[in-house]
């Protein structure tokens, strides 16, 4: 019995030992599985971060490429515009260089003739001829005002007797002899490099020219005129106005370069002279006009290009400038010259007297006599007055449609030819005849509203819309029906209102501009 018990005890002990060994061997395996399960989420997180990084990198690359392409388009459009402007300026510079060379040649010839004349004069009276340099005197740019002052004095003295001019020439000759003996090696330059000389040296450069030199008088348009004054800036650049237009069309038209209707040198090119009647211009030349004697005359004129406002010394220079720079525009103007002159004759308002009555000179600019609108420059006022007179001098040769401004005609003719507008929108491709129109249109894409109402704070993209809105606060009703006497706040309401057929309108109550835009700005109500 004891043997059996010992045998069973040994079997049970062995089995328990084997079970313990199995449990010990299974323990490390379960711990490895737990560690592996803990590592799997970390690896998945690393993979997801890598995928997100790659996706973001691809998106950023696509966005950068699209942005670069848009920037290239914008820069390309701007470069093309600048190249066109540079090409036009280069052509004009070449023309001016040719004119300058011819002027220098004429100046040298006149210098030689004056020197020969004085040499013969000295030999006649037994005087020893002096030596003079044959080069053209050099005048610094910063001293051009002194030359203008001298030319003004010479112009005021031009009407004196010939005997007095002969005596003055002899006096200048004797003074030159004295100065050349005192300074035998002096330069004929008006101002040396060391600084400006005394006032006696100013007469040296001009005493070399004869008193009747044609080239000097051809360029008298420079005398006593401040070229940086507001008057001449208005003819070349009119980008903004103190008083805004009432509708988008007028705002686009006023933003063009100043091309007011000007006096003509020929039948086809209207020009404006500095001393034209009906104008109230103020310039430094008026002071010299007050000091002139009754027997003298002020004969200098300023010839202005009607298309770009360039100042020209004479009519021939202006005609060449128009042929070279504005050949197409001059043909269009000549096409519409007969019809516009007939319209002016029928209306009876194109005369100097009526124009002077409608052009009021006020402090700081000009005022329209019809609606009271204020302008900085006379050219812009005359463009605006086409609204009141109904004048549309520019005619399309293809369809016969008429326009108030040449820029509108250019844009219209592009529709016939199928060509691209000079200023296309880079976002939507819409074309505009002037750069200011493109800038206003781009506010639609950018969402910019720069004009705010001072009373309610509402903002507008267009200045004309702001002034139309301000009529709500002021109660202004500038559009009046000439049959029933009703007044309207908006032009569209006025045009849609018809209390009597247009054929029954009495002529004495409907002026020619009543069917057009009877624009009366907020200035009449005290808001300008």
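Note that Cβ sites are derived from N, Cα and C of the backbone, with glycine treated the same way.
Annotation comment: Swiss-Prot describes 79-106 as coiled coil. Non-local neighbours of the coiled coil (79-106) in the same chain are 136, 215, 317, 320-321, 324-325, 422-423, 435; each lies 6+ residues outside the stretch with a CB under 8 Å from one of its CB atoms.
What Swiss-Prot records for 232-242 (among others) is compositional bias 'Basic and acidic residues'.
As annotated by Swiss-Prot, compositional bias 'Acidic residues' applies to 244-256.
If you look up Swiss-Prot, you'll see 257-270 (among others) marked as compositional bias 'Basic and acidic residues'.
Annotation source Swiss-Prot lists compositional bias 'Basic and acidic residues' at 278-293 (among others).
Swiss-Prot lists 333-345 with the feature compositional bias 'Low complexity'.
According to Swiss-Prot, the region 'Disordered' annotation covers 1-28 (among others).
Swiss-Prot lists 159-202 (among others) with the feature region 'Disordered'.
The annotation region 'Disordered' is assigned in Swiss-Prot to 232-293 (among others).
Per Swiss-Prot, the feature region 'Disordered' maps to 333-359 (among others).
Per Swiss-Prot, the feature region 'Disordered' maps to 502-528 (among others).
The zinc finger annotation in Swiss-Prot covers 303-326 (among others) and is backed by sequence analysis.
Residues annotated as zinc finger in Swiss-Prot, with sequence analysis given as evidence: 366-388 (among others). Regional average pLDDT for the zinc finger (366-388) in the model is 85.
The annotation zinc finger is assigned in Swiss-Prot to 394-416 (among others). For the zinc finger (394-416), the DSSP counts in helix, strand and coil order read 11 helix, 4 strand, 8 coil.
If you look up Swiss-Prot, you'll see 423-445 (among others) marked as zinc finger.
If you look up Swiss-Prot, you'll see 451-473 (among others) marked as zinc finger.
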Checklist outcome for this item: Answer key: the stretch among 394-416, 451-473, 479-501 with most Cβ pairs under 8 A to the zinc finger (423-445) is 394-416
